[in-house]
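Engineer: Questions regarding the structure given below will be posed in turn.
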Ligand code: 3PY
């Protein structure tokens, strides 16, 4: 039985003052969550957040990592650097990075490998666009994205990652996949994991990320292959993030 996991993706939001108050509110009520909590914060706030979260039980993560280990890569942050700040997780291949920064499946696979080599758990995001869904290409697109990173991992390494299904058409648009639509894709994702390793099929968390909110969380979280959420906007409000994390029956 996989324990639910709720990961906040703060995106490019926050300030020293706002982060302090959000994390203090979260820490005070984290015991109410029916699962594990983590926040993926902008890189420049890792030091601040790491200090506030010490001994809180709330894990820290980053939103991206370099596909290189070290060297002349201006602006990049390596997996080792993230590990220095106590990161447990790093989001890899979020649709916003694929779309606005041209990240390819190949680069995303390298990022996931770098993260794992440094002892971090990559949260690898996959998802289809509205046009791809409407053309009936969801399975094909998801399989391609999964194959890209699964093919560079050994079967036993596959146990140590997290997959997030982010239907691109449901990000920042207010549209949400119905629980049944989401479950259908999560089941496909689990099939792909099982093909690689039966153990990974059992162990790997598959999070739903696409406008998860307090009002839709309960129904989504009832689905057998939805193991938690990668939560955007709602994770910036402590009460909303916690309300989602309490929506488990
Ligand atoms: C969203 O919920 O909008 C996200 O992109 C989560 O990563």
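Even glycines carry a Cβ here, placed using N, Cα and C.
From a predicted model like this one, the values you see are computed outputs, not experimental measurements.
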Engineer: In TrEMBL, the substrate site includes 9, 10, 11, 211, 232, 233. Which of 35, 57, 71, 172 does it also list there?
Structural biologist: 172
Engineer: Let me spell it out: for each of the recorded positions (11, 94), count the other Cβ atoms within 10 Å of that residue's Cβ, using every protein chain shown. Which one has the most?
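Structural biologist: Counting every other Cβ within 10 Å of each candidate, the maximum falls on 94.
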Engineer: How many other Cβ atoms are found within 10 Å of the Cβ atom of residue 10 (substrate binding site), counting all protein chains shown?
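Structural biologist: Excluding its own Cβ, residue 10 (substrate binding site) sees 22 Cβ atoms within 10 Å.
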Engineer: Counting other Cβ atoms within 10 Å of each Cβ, which of the binding-site residues 172, 232, 233 scores lowest?
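Structural biologist: Selected from the binding-site residues 172, 232, 233 on minimum Cβ neighbours within 10 Å: 172.
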Engineer: For the recorded substrate site formed by 9, 10, 11, 172, 211, 232, 233, name the remaining residues of the chain with Cβ within 8 Å of the site's Cβ center, in chain order.
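Structural biologist: After dropping the recorded site residues, what remains is 171, 231, 234, 235, 236.
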